[in-house]
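The structure's right below; bear with me while I get my questions together.
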Amino acid sequence: MTGSHEMESIMLDSMEEEFPVSVETLGKLVDVPKGFDTYAELGGLSGLSTKLKSNIKTGLPLEKSSTEENRVLKYSKNILPDPPHQPLWSIVLDALSDHILILLIVAAVVSIVLGSIDYTSDHPETGWIDGVAILVAVILVVGITSLNDFKNQARFRELNDKSNDKEVKGIRGGEQCQISIFDVKVGDIISLDTGDIICADGVFIEGHALKCDESSITGESDPIKKGQPQDNMDPFLISGSMVIEGFGTMLVTAVGVNSFNGKTMMGLRVASEDTPLQMKLSVLASRIGYFGMGAAILMLLIAIPKYFIQRKVHDIEITREDAQPIVQLVISAITIVVVAVPEGLPLAVTMALAYGMMKMFKENNLVRNLASCETMGSATTICSDKTGTLTQNVMSVVTGTICGVFPTLDGIAQKIPKHVQSILTDGMAINSNAYEGVSSKGKLEFIGSKTECALLNFGKLFGCDYNEVRKRLEVVELYPFSSARKRMSVLVKHDQNLRLFTKGASEIILGQCGSYLDEAGNIRPISEAKAYFEEQINNFASDALRTIGLAYRDFQYGECDFKEPPENNLVFIGIVGIKDPLRPEVPEAVEICKRAGIVVRMVTGDNLVTAQNIARNCGILTEGGLCMEGPKFRELSQSEMDAILPKLQVLARSSPTDKQLLVGRLKDLGEVVAVTGDGTNDGPALKLANVGFSMGISGTEVAIAASDVVLLDDNFASIVRAVLWGRNIYDAICKFLQFQLTVNVVAVTVAFIGTLTSDVVEDKDNSSSSGSADKVTEEEPRQGSPLTAVQLLWVNLIMDTLAALALATEPPTPELLERPPNGKNAPLITRSMWKNIIGQAALQLAILFTILYQGHNIFQHFVPQAHGPIIKNGLHHYTLVFNCFVFLQLFNEINARVLGSRTNPFKNFFNNPIFIAVMIFTLGVQIIFVTFGGSATSTDSLYIVEWICCVVVGAISLPVGLLLRKIPIREPVVKNEIPVHSEAVYTSPSPNPSSSNLLGSGGAKPISKDYPTSGESTPPINDEGSPLVTRKTSVGASANDNINTPIPSSSSNLVNLNKPTQVGRGWQIVRQTHKKLVVINALKEFSQNKEPGLVDVVRGTNRGSLHLPVNQINN
């Protein structure tokens, strides 16, 4: 023992010598207030990297060594310990703590005591069996249920681990590489880009315009720019904060539980909450439980007095032995409550979610939010990104125009002047964050933005070495790309002066230019060729190519302060056309969505023409569909927006704010919205949507953190699979609910009525007079319920755990996407489900009561004569009742596999091996239960012919189920509730919005409703008080219309008014000029204007159409 202590001491001393900086000291760097003094004491960046055995240029070594092992031993791993999960024994204790089960256990113990002593039992040698059997049944039910819960928890933990495992960019052994977030160590060099969530504490090494949002940590609302202390800047990077601008590198100083975020997360761990459906079903289970409790209490209030009254009427003395029957009645009542409480409902949800999530993960959907599994099935619209989701995100430059040439890539280096090549390649290399490195697949390739990777590959055609360019050019200032700016610029030192390189959306870059490079590489005024470049942009866009504009400008030192990007009067280098092939499976996936009643909208930053062509190729843009650009969309008023949304299919040149506005307004209109996003600024839209899908490959960490589901392959088809699984999970719950409620009603009713109608005294007299010596005639009629506590507990196990396992694991079928989505306000139990529940319950009760009251006569014809008569209410009689009851449930479980009017419950039957296994297991246990249970299960062995009869009786539920499903029934149309408060974030409309925001070309179809003849809004009226005859102009444009075309003043839709006219409540006055529609005011009248060319019209504020009076037109 002493030797081991000495060895441990030596190892600690060795680590202290190798890594002299303690964990506590490193932690002080990012504590509040931040440790500037500690940083200085450690020797700043160089001193700290030396003490941590790291190199700020080459990072940690790739080779394993004792130093690296000691590093992990001292500073820990970047992994938080798993939250303490509930062990199996704890789950068992939780299950046993149920008040109803405790009552049942207490009653069973009392039954054992009373049944095993002479004082209270006629047969003490066997009187204890019932109580012990109940205890064994309770243990089995609790054990199987708890084991199931334990396995579900393990599945969720496994998925959670997978969702947390991400890769970050770093430098090791002098090479840029991808590092698992769990493998990040103290001393690592990590690269940071806009949108990253910092994975560990660290200090700034170098970078440009790196700003972090630390508001959730320090309370500082403004972004904090990072740099070196000597520049009076903050060098400390805190784990959990977000990079909102710029890029850079950092030296890791703390990981895992020692990092700032690790300490915070360890203190904030809370248990996961139930999903909305779980909570809804828990409430339903409680209500059903109250019904069972009421039935049990009522049964006791009737049965116990009845027992004593019967004894008194027949002059039978009441003795101490009567305590045992009373206890059995109490046990029966408690068992009714146990059976009535459908604990399986929340269990079925958990099981369906666990099973569905595991299967979805295999199909490239990583679920981060459990509730989203339920919501996905109700999605009515999908707002999808284009790049990487609808397309393959495998980009390559295929054409373009530089210096007026470059139709193809062949011999391009010979077609473009050398000095222009130098400008072009310098700009593509330095104005980029992409780099060549080893990918997660082990391949050497460009890593980063796919657009930038395509440009770097294009630069290779000119012999460009991007590393040489980046070493040669010194960056002075960086102006990062943003979805709002649609461009990125970098300012570098160049020949004693400065040069700005800019790239971005081609039409935006072109608009910033004052000159261009001609075929010889000379600078010429842009006015000479602007029309040509615009034509080329449209040509490339018509071929579904992304167009990127490239430009530059030279500056003198001191020409401006460069705090704001000087992106004006640029020299236009040219345009490159980038091809991003459509994913081959997308058109079919879009068509599936249409059949499923889901509207697909494309929201993209590309220009309108490119977006239209891609959308048309996907099948998203259809005849009569609308396309619009983001800046125009955000200028629409709420009523105008509501008018175009039903037909809006493409939103081009959109910003994240436009996407958020679109999602919010769709939700306001009652839609269940799924949205995709990959950028940092997509976070609000992803959070706002009912289901947010982030990109697992191209998505930023901020987008992933804000999403509900991560698309591991960035593929639109995976969204369709997620919707399929969402519907399947919902259907699985409905199937189980349909099955369980039927069993509940039947079991409780049979136990309740059977107990109340049994006449023990008469049965005893009958049995004693029979005088037969065989085994059945020697038995006595049984007191109380025809279904004993042990039998009901077995039924409870069948209908709770086993049925949940069988029905919750049904695989999805294509038919799920052949119907409209379930409304988010749709009832959990539909009319067709009630039809099946009530119909099956009525059938089963009719059969069981027939067997209960006449079964001893009916089955007498099927047993050998040697058996003797079947005693009414005897052991054999009640065994037949119990066996028929179980077989009715087995066959009804097959019925429950289908919902609605579908006829064939055996379709895809063999596609679910779990269902088949459960059926075989249940059948096998039932045979053992009846044949060998004896006194423990209160059963008597049956003859083969009786088994056949029970199977035939149970199978009756199949044709009856078919007939029930054939009965037509109309489901009520559930209207989605329109929220009182809008979730959309509206920007203030421009005072002069373009007319194309509101009106399409003359051929467009109207898409909005006429004004109402009654209700909150009234139509305009003339001076005599009569309503004006109105007609409606169209709103929006079809896919083939040019929505940017202004409406000429000579349009036949425009009218003039010859005198003031009153306007009804709820209408607006709108002035139509030759170019614009302007809301004048909210007054009650409008008139002909003095100004020429101006016309007033009226518009319903809550309608999307314009109503123009036609009975007062100047001819």
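Counting starts with 1 at the first residue shown.
Cβ from N, Cα, C; glycine included.
Since this is a predicted model, take the numbers as computed values, not measurements.
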Is it the case that Swiss-Prot assigns PRO325 and ALA936 to the same side of the membrane?
no
Within the topological domain 'Stromal' (148-235), count helix residues (DSSP H, G, I), strand residues (E, B) and coil residues, in that order.
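The topological domain 'Stromal' (148-235) comes out at 27 helix, 34 strand, 27 coil.
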To the nearest Å, how far is the Cα of ASP678 (Mg(2+) binding site) from the Cα of ASP385 (active site, 4-aspartylphosphate intermediate)?
8
Around ASP682 (Mg(2+) binding site), how many other CB atoms lie within 10 A of its CB?
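That number is 29.
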Determine whether the transmembrane segment (288-308) and the transmembrane segment (736-756) share at least three Cβ pairs under 8 Å, counting only pairs 6 or more apart in sequence.
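Taking Cβ pairs at least 6 residues apart, the transmembrane segment (736-756) and the transmembrane segment (288-308) are in contact, with 3 or more under 8 Å.
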Out of 236-256, 329-349, 736-756, 833-853, 914-934, which stretch has the largest tally of CB pairs under 8 angstroms to the transmembrane segment (127-147)?
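Between the candidates 236-256, 329-349, 736-756, 833-853, 914-934, the best contact partner of the transmembrane segment (127-147) is 329-349.
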Ranking 236-256, 736-756, 833-853, 874-894, 914-934 by Cβ pairs under 8 Å to the transmembrane segment (329-349), which is first?
736-756
For the transmembrane segment (874-894), which stretch among 236-256, 736-756, 833-853, 914-934 has the most Cβ pairs under 8 A?
833-853
Among 236-256, 833-853, 914-934, which stretch has the highest count of C-beta pairs below 8 Å with the transmembrane segment (736-756)?
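Stretch with maximum Cβ contacts: 833-853.
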Could you round the CA separation between ASP385 (active site, 4-aspartylphosphate intermediate) and ASP682 (Mg(2+) binding site) to a whole angstrom and send it over?
11
Taking only the residues in the topological domain 'Stromal' (148-235), give me the average pLDDT of this model.
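It averages 82.
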